[in-house]
Amino acid sequence: MGEPGFFVTGDRARGRSWCLRRVGMSAGWLLLEDGREVTVGRGFGVTYQLVSKICPLMISRNHCVLKQNPEGQWTIMDNKSLNGVWLNRARLEPLRVYSIHQGDYIQLGVPLENKENAEYEYEVTEEDWETIYPCLSPKNDQMIEKNKELRTKRKFSLDQLGGPGAEGPSNLKSKINKVSCESSQSVKSQEKGEVASTPSENLDPKLTALEPSKKTTGAPIYPGFPIVTEVHHEQKASNSSASQRSLQMFKVTMSRILRLKIQMQEKHEAVMNVKKQTQKGNSKKIVRMEQELQDLQSQLCAEQAQQQARVEQLEKTFQEEEQHLQGLEIAQGEEDLKQQLAQALQEHWALMEELNRSKKDFEAIIQAKNKELEQTKEEKEKVQAQKEEVLSHMNDVLENELQCIICSEYFIEAVTLNCAHSFCSYCINEWMKRKIECPICRKDIESKTYSLVLDNCINKMVNNLSSEVKERRIVLIRERKAKRLF
């Protein structure tokens, strides 16, 4: 397993730390940092995210919480998880804090069918940092940060591929602008004195229209296109080399035009000077110089026409390249769409398979829960039967041992005679009005003793009987008190 990815301090590296060591594995250990609360679950807001590959719903979103109490002792609490937290093979009550010690066994979830152990089983231990560090599980926030860095790196790499390295019309546009700037700088550096003040009427109008033509050619109508395949790279490289050759020829022609322009201006100045010096003589020389000036003008016009044709050809080449790149972009877009569709279908089928597995696992968990409910129901029925048996036995005792033989009711203010037989106080008093002997053994009645213990026992037992028995006893007590007053 890779490094967990968090900072290691010097004190920790030299000391010992508490952790949950995963049973039977040298990875996936959970570090218990002093002074920090550790939460475990499958959700995103926990310290350690556990996503079961066998049964995704085995671990709840916030399954359990581990933290230190004020004395520094580590504790664990089940945060109302679905499948429970087990400490030393005993399930913990939800939202109740339990102390854990070294060597304790912690289990998250329950084993599935045909498996003896659960997927997540841990042992509480305190080890050296050098032993714990290689086996630690990465924290949830570190995994999220790592995924963000990967996405950022991927984005930067795509931007670099589609950026300065790709040849396209945008680079050709920048080259044209560069040539235009160089040409304008050379004109400014070579034109001096009266040359800069030469009127534009002496030049061909095509030359003045040359710069707007270039601006139109270099207009930002070519967006950057993504790189598609190696074949497209080769095609774009050949188109770019042809465009570069055209730009080189354009640059050479521009320099020739500028030289011819300067020569023509110099000849024009020479003619004007000669005309000023010799107004009447040297007419042949003036005619010859005018002829040379006309030749230069015709040559400049020819160069301008040739340059205009080359500019039109370059514009046509740019348009063809733009159309070609647009066609490549459409084709690549269709291929990307097909790939995305295929990938989406694969993800859909994978999700369906995972849902089916989750459904089976969830059904297995439901079956296990149903078995537990059935067992609990059977135990409850047994307890209910035992309770009914006890109540029946108690009723038998009340009816056979705690009933007055005179009124056939439970003793009310029980009285015990000298012969050890017990009767209701009211009943034995009424009996003694006729005979002064025991109704059972016929011995003479010499003494009567009230039995408080017997009365209390009968009252407590009657409280567990039905409401009808309770009401009947209350009515009898009232009636006998009323008769005693009269």
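Every residue gets a Cβ built from N, Cα and C, even glycine.
Because TrEMBL annotations are produced automatically, they should be read as predictions rather than curated entries.
Regional average pLDDT for the domain 'FHA' (38-92) in the model is 92. Per TrEMBL, the feature domain 'FHA' maps to 38-92.
Under the heading region 'Required for interaction with PIWIL1', TrEMBL lists 68-72.
According to TrEMBL, the feature region 'Disordered' maps to 156-215.
If you look up TrEMBL, you'll see 279-393 marked as coiled coil.
Within the same chain, residues 398, 448-451, 454-455, 458, 462, 473, 476-477, 480, 483-484 sit at least 6 positions outside the domain 'RING-type' (404-442) and bring their C-beta atoms closer than 8 Å to a C-beta of that stretch. Residues or ranges marked as domain 'RING-type' by TrEMBL: 404-442.
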Counts of helix, strand and coil residues, the region 'Required for interaction with PIWIL1' (68-72), according to DSSP: 0 helix, 1 strand, 4 coil
